[in-house]
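Asks: Quick one: this structure, given as structure tokens, is what I'll be asking you about.
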Amino acid sequence: MEPRAVAEAVETGKEDVIMEALRSYNQEHSQSFTFDDAQQEDRKRLAELLVSVLEQGLPPSHRVTWLQSVRILSRDRNCLDPFTSRQSLQALACYADISGSEGSVPDSPDMDVVLESLKCLCNLVLSSPVAQMLAAEARLVVKLTERVGLYRERSFPHDVQFFDLRLLFLLTALRTDVRQQLFQELKGVHLLTDTLELTLAVTPEGNPPKLLPSQETERAMEILKVLFNITLDSIKGEVDEEDAALYRHLGTLLRHCVMIATAGDRTEEFHGHAVNLLGNLPLKCLDVLLTLEPHEDSVEFMGVNMDVIRALLIFLEKRLHQTHRLKESVAPVLSVLTECARMHRPARKFLKAQVLPPLRDVRTRPEVGEMLRNKLVRLMTHLDTDVKRVAAEFLFVLCSESVPRFIKYTGYGNAAGLLAARGLMAGGRPEGQYSEDEDTDTDEYKEAKASINPVTGRVEEKPPNPMEGMTEEQKEHEAMKLVTMFDKLSRNRVIQPMGMSPRGHLTSLQDAMCETMEQQLSSDPDSDPD
């Protein structure tokens, strides 16, 4: 049914005509998410009529039908203006039972009406900055969190819970003030951690089900997304013991999340949200990933249960198969694994054994191949600076931040970016809490070590001598041509001669020489003025 015909039916004021038209329109457009521009004015007219009835009060027996029509029209970004008035948003909040006003909805609201209203609010908040502002000013987050807090005591339909959480996610994703309000004033981390525990159905023994059902998976992912939003910028610093205990408890739940599968094909997506949130936890709280007691079926290394680390490594390998949005795909899990390896020697040694096993193939470039090491080394020269930074940092930590070891496994050419950023081009080792791990060389590596090109990280075939057969005069002529070309490139600033500063940073050759001379003068007692 066309929107013009529906608008004309609404204008008749006859209930049976209106209901027939709305039901027909709703059924026809239940799955419509794109709309014909030619009918845009008709849809706006219909939206204004619906808003007029919405603000005056929907007929109690047909609220769901009216709200379904509002929901369909709220998908059209060109028809949002009528719905984004303060009165309209307040009316929808009342029907969703999340308004602060009194007496708008009965004590036991119709859950179908609540659900449709929540869907309308989600559409409006997603697409309209005005709706986002009005929702924040109306403090809808307060009533939403109150209802979320009742999930343990009262039974709510899955869809109502899901859209409660979806609306929370949208508000916290789009409004900084709502994020801060939920984190600080409403104690959102505690509330949502408790809700996550309830959703995962963790038993008193601390064991969730082996397979998370579909509905629980959907709700858990929304909870994880809201928690990610409110912790993103809030807990980067030191936390007190009470907060640390809360984040460790959240960490144990996230540990469960990365260890279980979900019904359907959403396991990797579910694990991704859990890993993203792990990256927001205080670093000292990540120790919960290694506190599982070893058991018969667990992966044990140096007396520590490595099941979670192995699960994260498997997740990383899956994400490395993706070719788009690598930053969002691999950076979070690499960051978590890096911090675990940095702080816990057993985790570092286990990961090194899996990612950087003793070198045997010394004739292939480190970035060539399908082993995990090869894929990570390839990322070290990725166009996205964040991707190459986290990949290099992970491998560097697995090498106990030893420059020679790092170059051995990645090649100097691949390692140069991180070494330059760290001021380690001249070698050395940064300060770190690392024991002197042994790095066992294979017989193949020992035999070929002297022939390995440190830049490429492999044994290179000896190239033919390009000057073979030339006279000394010809060699001198070619050398002068090369000097002239370099001089021209340098004068035109196409290239710039570089040198190593005393602090290990790449800098212009002139600056490097000046710094070196200054350092020599400052350390020479005879250079003091008379």
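Note: Cβ is positioned from N, Cα and C throughout, glycine not excepted.
These came from Swiss-Prot, pasted as-is:
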MOD_RES   Ser435  phosphoserine
MOD_RES   Thr440  phosphothreonine
MOD_RES   Thr442  phosphothreonine
MOD_RES   Ser501  phosphoserine
MOD_RES   Ser522  phosphoserine
MOD_RES   Ser523  phosphoserine
MOD_RES   Ser527  phosphoserine
Asks: Applying a 10 Å Cβ distance cut-off over all chains shown, what neighbour count does Thr442 (phosphothreonine) have?
Replies: 14
Asks: Using a 10 Å radius around its CB, how many other CB atoms surround Ser501 (phosphoserine)?
Replies: 20
Asks: Measuring Cα to Cα, how many Å separate Ser501 (phosphoserine) from Thr442 (phosphothreonine)?
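Replies: Checking the Cα atoms of Ser501 (phosphoserine) and Thr442 (phosphothreonine) gives a distance of 35 Å.
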